[in-house]
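So the structure is just underneath, and the comments pick up after that.
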Amino acid sequence: MIELLIMVIKTTVVFGIVLTHVAYTTYAERKIIGRAQARMGPMEVGPHGLLQPIADFIKIFFKEDIVPINAEKFIFQIAPLIVLIFTMINLTVIPFTSNFILADLNVGLLFILASASVSVYGIILAGWSSNSKYSFLGGLRSASQVLSYEIALGLSLAGVVLAAGSLNLRDIVIAQHNTALGVYAIPQIIGFVVFVIAAFAETNRAPFDLPEAETELVAGYLTEYSAFRYALFFLAEYVAMYIMASLCALCFLGGWTIPKFITDILPFLDKVPGIIWFAIKVYAFIFLYIWVRATFPRYRFDQLLNIGWKVLIPAGLVNLILVAFLKRFM
Amino acid sequence: MVELLFGYFAIVIITSALFGVTRKNLVHSLLWILLMFVHLGGLYLLLNAEFLAMVQIIVYAGAILVMFLFVVFLLNLKEETKEPVFIHSWQGRIYGVLILLFFALFGAFTYKKTHTGSFTIELIDKQGHTKTIGTALFNEYLFPFLILGFILLVPLIGVGIVAVRRKANGTS
Amino acid sequence: MVPLSFYLALSATLFFIGAFSFLTRRNLIMMFISIEIMLNSVNISLVAFSHYMQDIRGQILALFVIAIAGGAVAVGLIILVLAYRNKKTLKLEEFKLLREE
């Protein structure tokens, strides 16, 4: 009984921290994109605009909730929940440090891929149940984008699993720490690049954010969603960004460890707690997300699918073969 | 605890299968089948087969059913509301099916165990289900695995041919 | 410990739900889905036997069934799309070219 209580408290703490991060990521995004475009970003609410996410949350809470007339009411209501639940459920298998993990699954990586597969249904159902042609087409487009890049994501992670010998995320980090270079991003640079590009496409972020661009099909599958349901979709998107950033940090950048050759040179770095390194890597990846959004134009849909099928999958396969060679002969 | 979970999974699987095959709206019945597939994955978890559970969710719930949904959406298939769901002689078939089900249940409940292999539950708990399946698949069943690769290559080529021929025909 | 016969009973019930739906639904896609239900019921049976007889071959075969079902669905849906393009409908009564008069 007491273990159940401890588990509930741990889960609440993790979800609370991640949701606070998500709220302030929206603020950070507006600030960073503002600075990249030579303007200041939000400055009004609170000192330097720091209370902006709270103001946004209060505004969304009070907006009117519209359900289209001929929409399938039940499916319309649960579609954002499907996306949100199957995105937040990934947080339970991420090891933030060497002994803090909510559920130490032996197939943790496969669990993340499985929940990514099921969350596609939220997008398809959101598009279909809105009973509008634009939403429907936007939903199918977005779903085919996510499905295509899921394969590339899986292939790049397959290289990591092959090198580490386990699907358990903690074992992957520990195996990574024991290699010569300390991170998997350097020997598997192709896989790392494939993973980063696939992560951008999986979370519907720029430059693959066709469903969210206002000039394309209005807003894709999100068109008919207002107020709180829209906020749920965006919550799911930002949590997915954090999941991809955590996955990149764990599988390719060394998780909560620092490579051995750096601690040989600067031994005081060993005393820094692991969570700080993990946080630095995750924040760096989130900054990359925001930076890319401010910099690149978005891809057209057929260009997007071309990249997913014709460029990333062969690159992932080449990476897998290279990793197999390295593991066999080294 | 395991019995409670099995009872929940079994009831939801049977109920969602029954709802799935009797709905008039195709998309509704596909969604009930999705629920059934996810609960089947959960049932495999109870049987100590975690890799198989994840593969079931990724392949069945995440790929095959999405293919079904895409075909239903892109062909814009709608059921006519006035037509009956089942064919006209469905009463006879349900009697036949129920009789066969009675025999199958009789066989299920009078099964006597004859053979015990060496892959005990302790072994699977110790070295992980993925590694157990991996060693068996790549050592003893390598040839069927390679043939499986070819079997999956054939639909890939088939889809490519059908899609390209459609563009050459000019019809949509 | 859940006895093996419960898993087999579940598998049999699911198989016959799938068989009944295959024999009586009029839409081709519903027939397809009932094939998937039957394949899944066989998978439950295989994995349950593998668990109770402590033999890994049941789970290997279940993995093969999942993969082959994926391939079968892909090929079947290609045929279905071509059939729909021909007949503009998926009702079972329309596909009677091979029937004797």
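Glycine too: its Cβ is placed from the backbone N, Cα and C atoms.
Just so you know, TrEMBL annotations are computer predictions that nobody has curated.
Under the heading transmembrane segment, TrEMBL lists A:6-24 (among others). Within its own chain, the transmembrane segment (A:6-24) has Cβ neighbours under 8 Å at 53-54, 57, 88, 91-92, 96, 100, 102, 235, 238-239, 242, counting only residues six or more beyond its boundaries.
Per TrEMBL, the feature transmembrane segment maps to A:74-93 (among others). Panel annotation: around the transmembrane segment (A:74-93), residues 11, 14-15, 18, 67-68, 101-105, 108, 111-112, 115-116, 118-119, 121-123, 125-126, 128-130, 169, 224-225, 229, 232-233, 235-236, 239-240, 243 of the same chain, lying at least six beyond its termini, place a Cβ under 8 Å from a Cβ of the stretch.
Residues annotated as transmembrane segment in TrEMBL: A:105-126 (among others). Non-local neighbours of the transmembrane segment (A:105-126) in the same chain are 75-76, 78-84, 86-87, 89-90, 93, 135, 139-140, 142-143, 146-147, 150, 153-154, 157, 160-161, 166-169, 172, 202, 221-222, 225, 233, 236, 243, 247, 251; each lies 6+ residues outside the stretch with a CB under 8 Å from one of its CB atoms.
TrEMBL lists A:146-169 (among others) with the feature transmembrane segment. Counting residues 6+ beyond its ends, the transmembrane segment (A:146-169) has Cβ neighbours under 8 Å at 93-95, 101, 104-110, 113, 116-117, 120, 123, 175-176, 179, 184, 187-188, 191-192, 194-195, 197-199, 201-202, 204, 208, 247, 250-252, 305, 308-309, 312-313, 315-317, 319-320, 322-324, 326-327 in the same chain.
A Cβ distance under 8 Å defines the sequence-distant neighbours of the transmembrane segment (A:181-201), meaning residues of its chain 6+ beyond its ends; these are 145-146, 148-150, 152-153, 155-157, 159-160, 163-164, 207-208, 244-245, 247-248, 251-254, 257-262, 288-289, 292, 304, 307-308, 312, 315-316, 318-320, 322-323, 326. What TrEMBL records for A:181-201 (among others) is transmembrane segment.
Under the heading transmembrane segment, TrEMBL lists A:230-253 (among others).
Positions annotated as transmembrane segment by TrEMBL: A:274-292 (among others).
Residues or ranges marked as transmembrane segment in TrEMBL: A:307-326 (among others).
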